[in-house]
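Engineer: Heads up, here are the entries from TrEMBL:
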TRANSMEM  25-58  transmembrane segment
DOMAIN    28-469  domain 'Major facilitator superfamily (MFS) profile'
TRANSMEM  64-82  transmembrane segment
TRANSMEM  117-144  transmembrane segment
TRANSMEM  151-171  transmembrane segment
TRANSMEM  183-202  transmembrane segment
TRANSMEM  214-234  transmembrane segment
TRANSMEM  240-258  transmembrane segment
TRANSMEM  279-302  transmembrane segment
TRANSMEM  314-331  transmembrane segment
TRANSMEM  369-394  transmembrane segment
TRANSMEM  415-432  transmembrane segment
TRANSMEM  438-463  transmembrane segment
Amino acid sequence: MVFVMRRPATDVIMMQTPTYTRHELVVILIAVTLASFLIPIFVAMVNIALPAIGAAFAVPSETLAILSTTYLVSSVIFLVPAARLADIVGLKKVCVTGLCITALATVVAPFSSSIGMLLICHAVAGIGLACVISNTIAILSVAYPPMRRGAAIGIAVAGVYLGLTAGPLIGGALTQGFGWTSIYFFVCVLCLATAVMIRVSVKSEIIATPGQPFDLRGSILYGVTILFLMSGLIRIPEPAAIVSLVIGAVFLVMFVWFEKKIPYPVFAVRLFTENKVFARANLTTMINYGATFAVSFFMSLYLQQIGALTPMEAGFVMMAMPVVQMIFSPITGKLSDKIDGRIIMTAGLIVTGIGMALFGFIGTDYNQIGIIINLAVVGFGIALFGAPNTNLVLGSVERKDNGSANSILATTRQMGMVVSMAIATCFILLFYSNNSSVGLVAAMHATFAVSAVLSFAAAAVGWTAKKSS
């Protein structure tokens, strides 16, 4: 089943660079950087507010883990279809719509009468953010001339790390001063401001493939596949998890078979089957995020429960990791242009694995200096990995496939985040009962031990990427 979506030829830019004044380019850059900023800051602020949310709804830590994961699952389901839809109807339209959807979800969230309603709001916010994640950098790429594009994208990417840095601090201050509901109002305002700026500053709609059919059947198959696979991961170690994973695997086979048959697939399967570098680099990305994403979740609980810190104080401590990322990521990005990026990213994965192993020495006796050092080590490892890996992925495909490659890379990141939270949830269910400090530390130790193994495994996969091409 396919749907052909068309629009008038006027006011359409088919991936050509329109002419913008310096002021207009600055506004577009600010808008895209804001979009890059609001996604990680939303996640970081929710993580720091989890204990307050748990107290408000009287729910256990495993439910809070599901809350952190819900947005990720919905964003993974809709990220690839949103990118393909934007190619057909326009980047600007899909991006602005996504920001408005997220704004609606976050303005409703504070009025949730139950944790179930809050979970629904997170799921809807994930749909909106999928539209944003998949399209903002593409807007920037079209607006800026080639000679200035790299610098602009670098600034926008810095917005991600700024969001990760500021999120715990702002989230802690808002939660402590005004309650957990205030973080959602803050995100709502950011979404609306960004939507207005993109709507006004981007002169013309940007359409890569006008008139091409939208692969609705493939999108549904993709969504069902991801839903069953992610639901299975989240529910481990429950018996139902195995059933969900098996059903997801069956749908995955059906999805790949179907996508390889049609001329305009929603998911470019051929990039995996025909390009070993692309496939292995994306696998490395998923493993890396699977190893590292749960750090913020556990640190929020550990610092406030065992360290007895306020949300704002916990936010200051948690800044150690993203601050290091923000400082070193631009440097490693430049280095990857001069030397083999595999060397840098592999070193980063090894450093990350060491940092995860060091978390095994953290116990019920709170050691703030040790926590900060561990977070900084992991942050340095992530900084070494990020930019070189992205360069490897995008550099392994033809220019015409950059859009698909970018959306797939974003999808593997999000899937890795879900895997990380699934691992964390599994060990929380096994060890963390009655909110005991000993149980929390045991769950952390088990999770970070698996994370260390994953990081070293990712280093091996990443190192072989270029050699196997």
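All positions are counted from 1 along the displayed chain.
Heads up, the Cβ atoms here are built off N, Cα and C, so glycines get one too.
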Engineer: Given pairs 6 or more apart, does the transmembrane segment (214-234) have at least three Cβ pairs under 8 Å with the transmembrane segment (64-82)?
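Structural biologist: Answer yes, regions in contact.
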Engineer: Can you check how the pLDDT averages out over the domain 'Major facilitator superfamily (MFS) profile' (28-469)?
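Structural biologist: Mean per-residue confidence for the domain 'Major facilitator superfamily (MFS) profile' (28-469): 84 out of 100.
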Engineer: Can we call the transmembrane segment (415-432) and the transmembrane segment (183-202) in contact, meaning three or more C-beta pairs below 8 angstroms at a sequence separation of 6+?
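Structural biologist: No; fewer than 3 Cβ pairs under 8 Å.
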Engineer: So, do the transmembrane segment (279-302) and the transmembrane segment (117-144) meet, by the test of 3 or more Cβ pairs under 8 Å (sequence gap 6 or more)?
Structural biologist: no
Engineer: For the transmembrane segment (314-331), which stretch among 25-58, 64-82, 117-144, 183-202, 369-394 has the most Cβ pairs under 8 A?
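Structural biologist: Most contacts with the transmembrane segment (314-331): 369-394.
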Engineer: So, do the transmembrane segment (151-171) and the transmembrane segment (25-58) meet, by the test of 3 or more Cβ pairs under 8 Å (sequence gap 6 or more)?
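Structural biologist: Taking Cβ pairs at least 6 residues apart, the transmembrane segment (25-58) and the transmembrane segment (151-171) are in contact, with 3 or more under 8 Å.
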Engineer: Based on Cβ pairs under 8 Å, which of the stretches 25-58, 183-202, 369-394 lies most in contact with the transmembrane segment (117-144)?
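Structural biologist: By Cβ pairs under 8 Å, 25-58 leads among 25-58, 183-202, 369-394.
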